[in-house]
Every structure is written in structure tokens, then in C-alpha cells.
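Undergrad: Here's a structure for you.
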Amino acid sequence: APVASSLCVRYTHRAVVITGGLLASSGMALGFLGINMVWMYATTGFLQGLGISFSWTPAISIVSHYFSKKRALANAIASAGECVFAFTFGPFFQWLISQYGWRGALLIIGGIQLNICVCGVLMRPLASSCLLEASCSETETPPVNSSSRINKEDKSSIMHKTFNWMLVRRMEFVLYAIFGILAAMSFFVPPLFLVPLSYSLGINESWTASLLSILAVVDFAGRLLCGWYANLHITKTVHLLTMTITLISTSLMLLPLANNYLSLAIFTGFYGFFFGTTVAVHITVLADVVGMTDFDSALGLFMLIRSTGGFVGPPLASLIVDMAGDYRAGFYMAGATLVLSAVFLVTLDQLQQRKERGRQTNTKPEKSTLPYSSIHFLKLQ
């Protein structure tokens with residue numbers, strides 16, 4: 001992800017997405033040969049994973065650059081494609097394997113992934129969004145001569161051609177990155193243990209498969225509804241994210257109480273809905289935390305740091321499940337980790353509010369000096 005973000009800063013989102021589509025498609029197509037496990041790791045693992053990162057990171061980033069006022073809704077709609085994929089392509093992949101074998105399925109999927117290149121071609125490059133936002137304040141003042149204006153824009157564009165690694169020294173970003181690690185530790189656990197838990201309750205295999213469909217449908221609805229609500233600007237985005245994280249943790253804590261298909265489906269629906277709301281708004285919160293000037297760099301670093309949570313979470317939950325001898329323990333672990341992640345969001349919000357109050361107090365004396373000095377001048381007269 002940091003490599004993809006740095007390439008976006010250096011070149012264009014369009015070029016990186018097209019490159020990612022070619023890498024992902026090549027990885028799946030070369031996996032068709034299936035020479036040995038090392039070959040599979042290198043092709044369907046590393047090469048395709050690199051291509052997906054090159055495709056996903058710029059695609060998420062450019063949406064935030066395209067939209068300002070409706071950024072939350074735009075991110076929600078863009079991310080909803082994942083839910084459509086989970087609902088439709090899972091059965092489609094199974095059908096491909098049954099018809100053409102795993103080799104033929106890999107080759108066909110590689111061809112499908114070439115459509116990523118088509119999507120990349122449609123991503124029209126824009127000027128740096130930070131320049132666009134800065135120009136809004138400049139238009140309110142009388143324009144200076146055109147040559148100095150051009151020089152300023154040239155200097156700004158050069159400045160933003162480098163990847164900002166110094167974000168790791170900003171406390172707001174560090175707090176949000178820690179939240180991302182803890183959240184990622186939890187997000188991969190429920191899909192991992194949902195099916196085994198249903199089997200342990202004696203639920204039929206066909207009914208168990210429908211749980212994943214329910215998860216995808218309510219996830220889709222949650223993303224769109226949360227994006228629409230966030231676009232109303234009624235609630236601060238970091239507050240909205242804190243609420244959704246709290247509701248997800250509550251759903252995960254209650255899910256193990258299910259003892260039949262109906263109760264399990266209800267709790268799964270609650271979890272999927274609130275998970276969708278979280279996915280819809282967490283990228284918008286990142287943009288609010290760091291600003292659009294450093295958003296590309298922040299997204300790459302955030303994805304890199306957050307991935308450590310996704311790497312550690314499932315094995316840790318599996319260890320806890322083995323020790324407890326019950327799949328419910330994995331859900332309790334995920335819920336507790338999300339509660340801890342919400343603490344860092346609250347800390348982040350408090351830090352932002354304190355800095356905002358500090359800026360307001362610093363500007364008050366400047367405003368009050370004028371009337372005071374004028375009164376003093378009148379007394380002297």
C-alpha cells in the first residue's frame with residue numbers, strides 16, 4: 001500500500017490502477033500453470049496481491065480527491081462493490097471450478113481482472129485536491145499578478161510529489177493507526193468462525209451458506225445508509241465511527257448467545273449492518289484527520305499499519321478458540337478488541353477538540369486588542 005500511494009503521488013492514480021490490473025491478472029493467469037507450491041505463492045499470492053494493492057489503494061484515494069462535500073457518500077457507494085462481489089461471485093467461482101477445474105477457473109478469473117484496467121482508464125487525473133481546497137480561500141481575496149500565482153502552484157505541486165513518511169510523528173495519525181490495528185484484528189474473525197459455529201449448533205449446511213448471503217446484503221445496506229447519513233453532516237464523522245464500532249462490538253458480544261438458526265441470523269445481520277457502516281466512514285475519518293494534502297501518503301501508511309492487525313487477529317483468535325474449546329471465544333475476543341479500539345477513537349477526538357480550543361483562544365486576544373486600544377486612545381484625547 002505505501003508503494004502504491006507513493007507511485008500515485010509521483011505519477012497518476014490512473015497509471016497505478018492499470019498497472020495493478022495487469023499484475024493481478026498476470027498472477028492469476030500464471031497460477032494456471034500450477035508448477036508447485038512455491039510457484040503458486042509467487043503468482044496467485046505475491047503477484048496478484050501486489051496487483052490488488054496497486055488497484056485498490058488508488059481507487060479509494062481518488063474517490064476522496066473527486067468529492068469534497070459528499071465524500072462520505074461517495075466512499076460508501078464505491079466500497080459497496082465489495083458486498084456485490086461477496087454476494088454474487090462466490091457462487092460463480094464455485095460454478096467455474098466445477099465446470100473448468102481450478103486451473104481453468106484461475107485463467108478465467110485472470111481474464112475478468114483485466115477489467116480493472118478498464119476502470120483505471122476511466123479515472124480522469126485531477127489537480128491535487130489540496131491545491132483545489134487552497135484556491136477556494138485565494139478566490140476570496142483580490143488576485144495578485146499571474147506570474148506569482150503560477151509560481152506558487154508550481155512549488156505546491158513539486159512539494160506534493162513526495163511521499164510524506166513524517167505522518168508517523170503526528171499524534172492524531174498514530175492514534176488512528178492504532179485504532180486501525182485493533183479494528184483489523186477483529187474484522188477478520190467473525191467470517192472465520194461463523195460457519196464452524198453454526199455447524200456446532202447443528203444447523204444444516206444449506207442454511208449455513210445463507211448466513212454469508214445475509215451478511216453481504218445487510219453490509220451493502222449499512223454502507224449506503226451510513227454514507228447518506230454522514231453526508232448530512234449532522235454528526236461528526238469520528239463520533240459516527242465511534243458509535244458504529246461500539247455497536248459492532250455489542251453485536252459480537254451477543255452473537256455467541258444464539259442457539260438456533262433464527263437467532264444466529266439476526267445477530268449476524270446486526271453485525272453485518274454495523275460493519276458496513278464502519279467501512280463506509282472510516283476512510284472519510286482518515287481524510288479529516290490528516291487533511292487532503294497528505295491523504296495519499298496517509299492512506300498507504302494506514303493500510304500498511306492496519307494490515308498487521310489483520311495478520312495477527314485470526315491466528316490469535318484461533319489460539320483462544322483452541323484453548324477454550326469453544327468457537328464463541330473467538331467472537332468475545334473480537335468484541336473486546338473493538339471496545340479497546342473505540343477508546344483510541346475517543347482519545348483522538350479529545351485531542352482534536354483540545355487543539356481546536358487552543359486555536360480559538362490564540363485568536364481571541366488578536367480580535368480584542370483593537371477595541372481596547374481605540375478606547376485607550378480616546379481617553380488620551
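Including glycine, each Cβ sits where the backbone N, Cα and C put it.
Remember, TrEMBL labels are computer predictions, not curated facts.
The domain 'Major facilitator superfamily (MFS) profile' annotation in TrEMBL covers 1-353. The feature transmembrane segment is assigned by TrEMBL to 15-39, 45-67, 74-96, 102-123, 173-195, 207-226, 238-258, 264-286, 298-317, 329-348.
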Undergrad: How about the transmembrane segment (173-195) and the transmembrane segment (207-226): do they have 3 or more C-beta pairs under 8 A, pairs 6 or more apart in sequence?
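TA: Yes, since the transmembrane segment (173-195) and the transmembrane segment (207-226) share at least 3 Cβ pairs closer than 8 Å, they count as touching.
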Undergrad: Take the C-beta pairs under 8 A between the transmembrane segment (102-123) and each of 15-39, 45-67, 74-96, 207-226. Which stretch has the highest count?
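TA: That would be 15-39.
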Undergrad: Between the stretches 45-67, 74-96, 207-226, which one has more Cβ pairs under 8 Å with the transmembrane segment (15-39) than any other?
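TA: It is 45-67, which has the most Cβ pairs under 8 Å.
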Undergrad: Give the nonlocal contacts of the transmembrane segment (207-226) in its own chain as ranges (CB under 8 Å, at least six residues past its ends).
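TA: For the transmembrane segment (207-226), the sequence-distant neighbours (Cβ-Cβ under 8 Å, at least 6 residues beyond its ends) are 72, 76-77, 79-80, 82-84, 86-87, 90, 191, 194-195, 198-199, 240, 244, 261, 264-265, 268-281.
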